[in-house]
Amino acid sequence: MTQPAEKGYYRFVVLFFNCLLTFGSYFCFDIPSVLQDQFQGNLTCPNATVINGTTDCVLGLGMTPQQYNLLYAIYAWTNALVVILAGFLIDKLGNRFGVFLFSFLCVLGSSLFALGSHFKGTPYLLPLMLTGRLLFGSGNGSLTIVQNRITAFWFKGKELALAFGLTLAFSRLGSVLNFFLTQRFEEKYEMQWTLWGGAFLCVLGFLSAIVVSTLDKVGIKQLGLDGAIQEESRKVRIQDVKLLSLRYWLLVLTIMFFYNGIFPFIADASKFIQDKYSGYSQKEAAYIAGAVYDSSLVLSASVGILIDYVGLRGIFASACAVFTLPVFGLLAFSYVPPLVSTIWLGVTYSFAAASMWPSIPLVVPQATLGTAMGLATSLQMVGIGISNLVVGQILGTKSSETKIPLWRWQRMMIFMLANTICCIITSVLLNIADYRQGGILNKTRKRSEQAQTDSDREQLREAEEEPHREDDEEFRSHSVNS
């Protein structure tokens, strides 16, 4: 009798709840950016003036710009450090351990962050909120790794890019809804309850973790692979990092250089648009900058289906970098409406995310996938962090109200171009290395990916049978000696 886990619909049920894991945490992550004025607003407004029913003073937590930016810095650097160890622990202790631990850290971190907002005007405000962001950063990046590991197991050779695209789309949906809803929610219920609303969405992620871990456990048992996976997990060692192939490292560098050009640009895109192009308000500029994520949200699933059908992941990775080059050229040296560039960047970002990240499970063993994902995420975060520092030096201003000279913005775009050129170089080298090692990234038939999946599962079954063979050989040897 066919088990439910062996039927096609089962893995999509797993995928649905797997997608919900990070919806709330991505929503929660960007709340400070939407409420930046409230975070840096005044504790009191004794001398406020009212003009046409509005006041020139914004009540808030009273943070300095340095304290506000520290909320993001501590998240990024904590993420970069923790995900390496988190990936190894997931490989060693399993998906269920990871999904419970890291979703709980998201809940705990977001709750502490919300709690800290009740202590405005006291010395406890910043330590509580920074501790919350630290715990939240430890959980969110690591949760993405276990999410990808579960997706890779159930969809390797079966709509893998589509599955990765859908998880990305759900995450970006959280970011987009945060952008559209948080400000309105804050105006009606004030900041503290808005932050607690973000924590509540992380609780929903924890409930999804319970469901997806149960489905994953039951499904693996029905496939008869539970013993084999446990056996493979026991063999995982930190020294296995040395065994990761050249293809993997070139793929990680390709990802890092591509994202080095995307995220630092998005962080400053709103101010860039206001400084260079006339007639855009802060709100309009923010909407245009957000078009990168909006495009990704709309295109992720369909791009994933296309890449699953066509294959050619390595070629798509190179093409994404090549087609991204004109974007930064237009932004630096032309006055083409910025919406054209941000939508264009969103399209290339969608193809890059659907072709690069799903390629990692194809070039590393399932048993070390968590470690590989952790290393890739860590290097990505380190690269983005360094790029943000470089961009800060190029722009050279400490005040968000100062108009930055156009020549500084041009130098920033040239730096983005340099990262994109490095991405092209590493992606070409990746395709060469892949060709010499069998060309799995550029396979054009899904059947070849299915064969890879069958091979992986056969290896797991052999791993499960190996201890029994050793026991039989030991028994026969003992009988002969007797």
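Positions of Cβ are set from backbone N, Cα and C atoms, glycine also.
TrEMBL entries are annotated by machine, without manual review.
If you look up TrEMBL, you'll see 11-437 marked as domain 'Major facilitator superfamily (MFS) profile'.
Residues 75, 99, 103, 106, 110, 136, 139-140, 143-144, 147, 150-151, 154-155, 163, 166-167, 169-175, 177-178, 198-205, 208-209, 211-212, 215-216, 219 of the same chain sit 6 or more residues outside the transmembrane segment (12-29) yet have a Cβ under 8 Å from a Cβ within it. Marked as transmembrane segment by TrEMBL: 12-29 (among others).
Residues or ranges marked as transmembrane segment by TrEMBL: 70-90 (among others).
Residues of the same chain lying 6 or more positions beyond the ends of the transmembrane segment (97-119) and with a Cβ under 8 Å from any Cβ of it are 21, 24-25, 28, 61, 86, 89-90, 125-129, 131-140, 142-143, 145-147, 149-150, 191-192, 195-196, 198-199, 202-203, 205-206, 208-210, 212-213, 370. Residues annotated as transmembrane segment in TrEMBL: 97-119 (among others).
Residues or ranges marked as transmembrane segment by TrEMBL: 125-148 (among others). Packing against the transmembrane segment (125-148) from elsewhere in the chain are residues 18, 21-22, 25-26, 28-29, 61, 63, 67, 70-72, 74-76, 78-79, 82-83, 86-87, 90, 95, 98-99, 101-106, 108-117, 119, 164, 167, 171, 205, 357, 360-361, 369-370, 373-374, 377, 381: each is 6 or more residues past its ends and has a CB under 8 Å from a CB in it.
Remote same-chain residues near the transmembrane segment (160-181) are listed as 15, 18-20, 22-31, 34, 144, 147-148, 151-152, 154, 198, 201, 286, 290, 293-294, 296-297, 300-308, 313, 350, 353-355, 357-358, 361-362, 449 (criterion: CB distance under 8 Å, separation of at least six residues from the stretch ends). Feature annotation from TrEMBL assigns transmembrane segment to 160-181 (among others).
According to TrEMBL, the feature transmembrane segment maps to 193-215 (among others).
The transmembrane segment annotation in TrEMBL covers 246-266 (among others).
Taken from TrEMBL, the feature transmembrane segment covers 286-307 (among others).
As annotated by TrEMBL, transmembrane segment applies to 314-336 (among others).
Annotation comment: TrEMBL describes 342-360 (among others) as transmembrane segment. Same-chain neighbours of the transmembrane segment (342-360): 148, 152, 160-161, 163-165, 168, 248, 251, 254-255, 258, 262, 265, 269, 288-289, 291-296, 299-300, 303-304, 307, 313-314, 316-317, 319-321, 323-324, 326-327, 369, 372-373, 376, 441, counting only residues six or more beyond its ends whose CB sits under 8 Å from a CB of the stretch.
According to TrEMBL, the feature transmembrane segment maps to 372-392 (among others).
For 412-433 (among others), the entry in TrEMBL reads transmembrane segment.
For 444-482, the entry in TrEMBL reads region 'Disordered'.
Annotation comment: TrEMBL describes 454-470 as compositional bias 'Basic and acidic residues'.
Sequence-distant contacts of the transmembrane segment (314-336), counting only residues of its own chain at least 6 positions beyond either end whose CB sits under 8 Å from a CB of the stretch, comprise 251, 254, 257-258, 261, 265, 272, 276-277, 307, 344-345, 348-349, 351-352, 354-356, 359, 409-410, 413-414, 416-417, 420-421, 423-424, 427-428, 430-431, 434, 441-442. Contact counts against the transmembrane segment (70-90), taken as Cβ pairs under 8 Å, peak for 372-392 among the stretches 193-215, 246-266, 286-307, 372-392. The highest tally of CB pairs under 8 A with the transmembrane segment (372-392), across 193-215, 246-266, 286-307, is held by 246-266. Counting same-chain residues at least six beyond the ends of the transmembrane segment (246-266), those with a Cβ under 8 angstroms from any Cβ of the stretch are 289, 292-293, 317, 320-321, 324, 328, 345, 349, 352, 356-357, 359-360, 363-364, 372, 375-376, 379-380, 382-384, 386-388, 391, 412, 416-417, 419-420, 422-423, 426-427, 429-430, 433-434, 437, 441.
Counting same-chain residues at least six beyond the ends of the transmembrane segment (193-215), those with a Cβ under 8 angstroms from any Cβ of the stretch are 10, 13-14, 17-18, 20-25, 27-28, 31, 35, 95-96, 99-100, 103-104, 106-107, 110-111, 113-114, 117, 143, 150, 174, 178, 182, 185-186.
Confidence annotation: the domain 'Major facilitator superfamily (MFS) profile' (11-437) carries a mean pLDDT of 82 in the model.
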